[in-house]
Amino acid sequence: MKALILVGGFGTRLRPLTLSLPKPLVDFANKPMILHQIEALKAIGVDEVVLAINYEPEQLLVMSKFSNDVEATLGIKITCSQETEPLGTAGPLALARDKLVDGSGQPFFVLNSDVISDYPLEEMIAFHNAHGGEASIMVTKVDEPSKYGVVVMEEATGRVERFVEKPKLFVGNKINAGIYLLNPSVLDRIELRPTSIEKEIFPQIAEAEKLYAMLLPGFWMDIGQPRDYITGLRLYLDSLRKKSPSKLATGPHILGNVLVDETAEIGEGCLIGPNVAIGPGCVVESGVRLSHCTVMRGVHVKRYACISSSIIGWHSTVGQWARVENMSILGKNVYVCDEIYCNGGVVLHNKEIKSDILKPDIVM
């Protein structure tokens with residue numbers, strides 16, 4: 001079985017983290033975002049994954065190296081399909097047609113790379129086989145459907161009737177979750193040009209009464225921007241608590257759900273949690289307070305520092321008694337000096353912060 005992951009976005013909303021890496025390779029819960037998806041696909045028998053990447057030469061180099069590393073580690077075939085111009089969300093499928101179709105007639109998965117969930121892919125295969133349609137999409141319930149494109153469907157069968165973009169009147173509360181299972185015949189509907197699968201292809205299939213939607217059980221989050229990244233981490237750790245609690249940290253210094261890489265060092269008198277991920281090679285000195293945050297690979301947090309609701313990029317340093325909070329994002333190799341207050345600061349790579357950031361600001 002095969003799958004395609006759409007990884008062509010530029011990740012502008014997660015800058016500065018995406019200035020040096022494609023968004024799918026930014027760490028989430030101590031591993032690249034996209035690796036969560038690849039592991040889930042391999043677990044249900046997918047043996048080849050196509051990464052649909054954008055036209056930038058640098059992305060091909062970085063994603064190819066990642067692909068080689070994952071192939072060697074997981075034993076799953078990964079290939080890249082690179083567009084020469086922006087092709088939207090459907091055009092990349094047409095471009096990768098020869099990689100996705102092998103004559104077996106098997107359906108293939110398509111995933112958006114910035115979606116994090118429980119990935120109930122086996123259930124989706126069973127759903128797809130049962131309804132006998134041409135395509136299945138996963139949907140999730142939201143509290144404010146007027147902000148999204150809503151999927152209107154038959155509750156009994158799951159057949160999609162229509163899509164309504166940002167409805168002013170209530171028509172439903174289910175939205176596209178960015179996980180699809182498609183028959184090869186769907187590719188016959190897609191031309192090799194900039195095309196939206198959500199706005200052009202799926203409405204065609206729905207009109208033919210061959211599109212079905214499965215309600216996603218468990219959590220879901222599009223982690224394309226910092227606040228959603230932090231929320232997604234909380235939901236992911238909640239799920240991990242239910243499925244694999246042994247992977248979470250324990251001890252008198254741990255509060256709630258915390259994920260700590262085995263190579264990280266934690267000092268005495270710390271209070272860590274809830275909803276914290278501490279990456280490989282991190283050093284957290286004594287008396288540190290961490291909550292609702294991600295501390296990526298190689299970060300050094302000095303004594304009595306406090307970090308909350310923030311993302312600390314690779315190999316950065318947070319000084320003694322410093323306070324970083326309110327959706328601050330530190331890029332790679334940032335140095336926050338002792339006793340500095342960072343309130344919603346977005347700090348680019350390789351910067352030294354010597355004075356307080358009193359209100360949300362970008363440090364170039």
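Placed from the backbone N, Cα and C atoms, the Cβ positions cover glycine too.
Gly88 is the only one of Gly75, Gly88, Gly132, Gly133 that Swiss-Prot places in the GDP-alpha-D-mannose site (with Leu6, Val7, Asn112, Asp114, Gly149, Asn176). Largest Cα to Cα distance within the recorded GDP-alpha-D-mannose binders Leu6, Val7, Gly88, Asn112, Asp114, Gly149, Asn176: about 21 Å as a whole number. Leu6 (GDP-alpha-D-mannose binding site) has Lys23 as its nearest neighbour among the binding-site residues Thr12, Arg13, Lys23, going by CA to CA distance.
When the C-alpha distances from Thr12 (diphosphate binding site) to the binding-site residues Gly88, Asn112, Asp114, Gly149, Asn176 are tabulated, the minimum falls on Asp114. In three-state terms derived from DSSP, Thr12 (diphosphate binding site) belongs to a helical segment. Lys23 (diphosphate binding site) falls within a helix when secondary structure is assigned with DSSP.
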